[in-house]
Ligand code: MG
């Protein structure tokens, strides 16, 4: 009998974390959770600890005692705290695989720790690749670690590339659902409220990524991710709007063939592919009934109404720390929108103004060097911080 893959899951109480645990529960002989990390949802974490009996957990700084009390009497996992705890958990010796499902740039240090500890990485944390793609890919290569992309689009590209020669690749096409405002006329964008932006038509996701989907910044971040994950030129990456979210992305080859991955819009499918490291595990999701699907549609993205996608391509062309700066700035404006401090239309407006500033700073020989070139984790974090500070001024 094959020994189960032992997994550490960071971000266990978030949307991807909960789906990951569903897939684990579908495959008790193949997968075993040994570590769980989360920030603040202790109530749900307690429930997960009871169901999966991990050896170790990590929570926010100063919340360990509270967790221990909530768990009550009886055997408890080792409880770690703060970023130090997340990093220790990522490199936990009793695990072969790290599922990185935490949100935001806080994911980058634990992912690096996991790579250095030679864990297989199932990567759902976009910011890690957006901020430091070149660095992370080099580290993974050096440590002979595979990165399994959880994000449905990159997972689809990974599946579609399997068995082909890289030199035969022409381009890739990321599909985008278009979000809740796909067919809203530009003048109606003024009427958008927070609840509208959080109400994604196809995918159930966390709040930050739901807003990013509504602005299409999510697709922009995915374009940046795709460049690094698959070693592509910017011009090899295309985006098409596909509102049904059934074709999850595709690759095109030099002979004119295109191959894509279809499936229900349910994150358990790409998660199962990652946890199985390419083997097909049970995901709890049924294959599509194509006859019942009816029509699948495709259209070009509108870069005028959804300026964020254009900004991401611009940042990627600028290179260096520009994508990290844009991503950091985006996290800040989205947080302000979620706190109802700014209107939806302010998100692309503020980010466009930041890009002007960013282009100047990159072109200026006396500008911050980390905006021109990322050579270390600190450079990546500095570029992210530059974006955050510059957008708040
Ligand atoms: Mg996606």
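Glycine is treated like the rest: Cβ placed from N, Cα and C.
According to TrEMBL, the domain '1-deoxy-D-xylulose 5-phosphate reductoisomerase N-terminal' annotation covers 7-133.
In three-state terms derived from DSSP, residue 16 (NADPH binding site) belongs to a helical segment. For residue 16 (NADPH binding site), other Cβ atoms within 10 Å of its Cβ number 27. The annotation NADPH binding site is assigned in TrEMBL to 13, 14, 15, 16, 125, 127, 206.
Per TrEMBL, 1-deoxy-D-xylulose 5-phosphate binding site is recorded for 126, 152, 153, 177, 200, 213, 218, 219, 222. Within the same chain, the residues at least 6 positions away from residue 218 (1-deoxy-D-xylulose 5-phosphate binding site) whose Cβ sits under 8 Å from its Cβ are 176, 179, 209, 212, listed in sequence order. Taken residue by residue with DSSP, residue 218 (1-deoxy-D-xylulose 5-phosphate binding site) is part of a helix.
Residues or ranges marked as domain '1-deoxy-D-xylulose 5-phosphate reductoisomerase C-terminal' by TrEMBL: 147-230. Here the domain '1-deoxy-D-xylulose 5-phosphate reductoisomerase C-terminal' (147-230) is broken down by DSSP into helix, strand and coil counts: 47 helix, 11 strand, 26 coil.
Annotation comment: TrEMBL describes 151, 153, 222 as Mn(2+) binding site. Taking a C-beta cut-off of under 8 Å and a sequence gap of six or more, residue 153 (1-deoxy-D-xylulose 5-phosphate binding site) has these contacts in its own chain: 174, 175, 222, 226, 248, 249.
Helix, strand and coil counts under DSSP for the domain 'DXP reductoisomerase C-terminal' (263-389) come to 76 helix, 1 strand, 50 coil. Annotation comment: TrEMBL describes 263-389 as domain 'DXP reductoisomerase C-terminal'.
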Inset, instruction - Could you tally the C-beta atoms, other than its own, that fall within 10 angstroms of the C-beta of residue 126 (1-deoxy-D-xylulose 5-phosphate binding site)? - result: 25
Inset, instruction - Work out, from DSSP, the number of helix, strand and coil residues along the domain '1-deoxy-D-xylulose 5-phosphate reductoisomerase N-terminal' (7-133). - result: 60 helix, 27 strand, 40 coil
Inset, instruction - Provide, as an integer number of angstrom, the distance between the C-alpha atoms of residue 200 (1-deoxy-D-xylulose 5-phosphate binding site) and residue 14 (NADPH binding site). - result: 16
Legend entry - binding-site residues: 14, 151, 206 - member with fewest neighbouring CB atoms within 10 Å: 206
